[in-house]
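Q: Handing you a structure now.
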Amino acid sequence: ILFYYSHNYFNLECVLYVNAYKLNTGSFSLSVGVQLDPEQTGFIAVENFTSLAEHHELQLDPSKLEMLLALVQSDEHGHVCYQELTELLNNKRSSSFRRAIANGRRTLQREILLDETGLGVYKRFMRYVAYEILPCETDRRWYFHQSRLCPPPVFMAIITIVQIIVFMCYGVMLNKWVLQTYQPDFMKSPLVYHPGHRAQIWRFFSYMFMHVGLEQLGFNALLQLMIGVPLEMVHGILRISLLYMAGVVAGSLTVSITDMRAPVVGGSGGVYALCSAHLANVVMNWAGMKCPYKLLRMILALVCMSSEVGRAVWLRFSPPLPSSGPQPSFMAHLSGAVVGISMGLLILRSYEESLHKQCSWWVLIFSFITFLLFAIFWNIFAYELLGIQIPPPP
């Protein structure tokens, strides 16, 4: 099907016909397109559009129909650009589109998602997730009606399962379940990041599967399942896995720069990236977040995260056993939090928006790549130039 420009706009007939075919609605036809925009100006009169949206000719789910009417109400000139209509029908939403919806939905009488009755277990769970993660009622309704179980949120679940399996294996082998890092054989693992083995690149990633002990594993696994899985359900596996792995890599590289003699274990870099992004999003959208007891939960989360950092600081500066060497660094926690507050917050605030169209996204990507390149050169040259005495690797 051919798309072509007419006075800098797509041909309305083709656009509406194609989107109607994709959505399997059978609502639009070429004759309807001609009626809505007979002069092919690229705009649709509000009167015609409202009549079409409010009748059975547009068979859309409630969330799309609500946004469609909000789009109509937002325009001051009595017409609607069909390019925004196309974005809606194709599940694509730009920032300008969201602003138009935000302006228009103020004039609409909408039902609150919490007021819907007769929902099954699955839909009630989707509604719970929507209110836990999303700050805007329009976004919550959009997620509620568009959410599917395919693909399932498997990334955080797989990471957690692998971490538990690795911990169980080393617990049985070392016969120690708390403060495993005091065992010399623990640091011999090929998964642990050790500055003496920094030429083995996989260690900058694989350290996330090792943990100091049951206390750190339990904390990380709980947050990965309670916060990571809902975030993955709403924002998708690609964005959440990118954020988690960015926190992991930033954690090991930051330690290699700021705490050059220390090893690193645990998935705290990724966990703190997720948690910091979510908490920052809640704070910045405090009025819109409708999750119950949000102040109490915010305080509890900050206390728990601060306590975990305190535990890591205590362990790092506690007197090491002669045979165990330096204890793991705590800098991965802090660098993960920085990644979450910067890159993670942008990801969570861009629900169903294209990141590559946002200038701030490319600024963050450029900054992160610059940090990666700096860290790589630092690891290659700085240790020798500064004469850093690294404890012999196990």
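The backbone N, Cα and C atoms fix where each Cβ goes, glycine too.
According to TrEMBL:
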ACT_SITE  S268  active site, nucleophile
ACT_SITE  H333  active site
DOMAIN    199-349  domain 'Peptidase S54 rhomboid'
TRANSMEM  154-173  transmembrane segment
TRANSMEM  204-225  transmembrane segment
TRANSMEM  237-257  transmembrane segment
TRANSMEM  269-287  transmembrane segment
TRANSMEM  299-317  transmembrane segment
TRANSMEM  329-348  transmembrane segment
TRANSMEM  360-381  transmembrane segment
Q: On the three-state reduction of DSSP, what should I expect for the residue listed as 'active site'?
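A: SS state of the residue listed as 'active site' = helix.
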Q: Fill in the CA-CA distance, S268 (active site, nucleophile) to H333 (active site), as an integer in Å.
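A: Computed Cα spacing between S268 (active site, nucleophile) and H333 (active site) is 6 Å.
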Q: Taking 10 A as the limit, how many CB atoms besides its own sit near the CB of the residue listed as 'active site, nucleophile'?
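A: Result for the residue listed as 'active site, nucleophile': 32 other Cβ atoms within 10 Å.
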Q: Using DSSP and collapsing to three states, where does the residue listed as 'active site, nucleophile' fall: helix, strand or coil?
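A: The residue listed as 'active site, nucleophile' sits in a helix per DSSP.
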Q: Taking the domain 'Peptidase S54 rhomboid' (199-349) alone, what is its mean pLDDT?
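A: Across the residues of the domain 'Peptidase S54 rhomboid' (199-349) the model's pLDDT averages 92 on the 0 to 100 scale.
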Q: Within 10 Å of the Cβ of H333 (active site), how many other Cβ atoms can be counted across all chains shown?
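A: Excluding its own Cβ, the number within 10 Å is 24.
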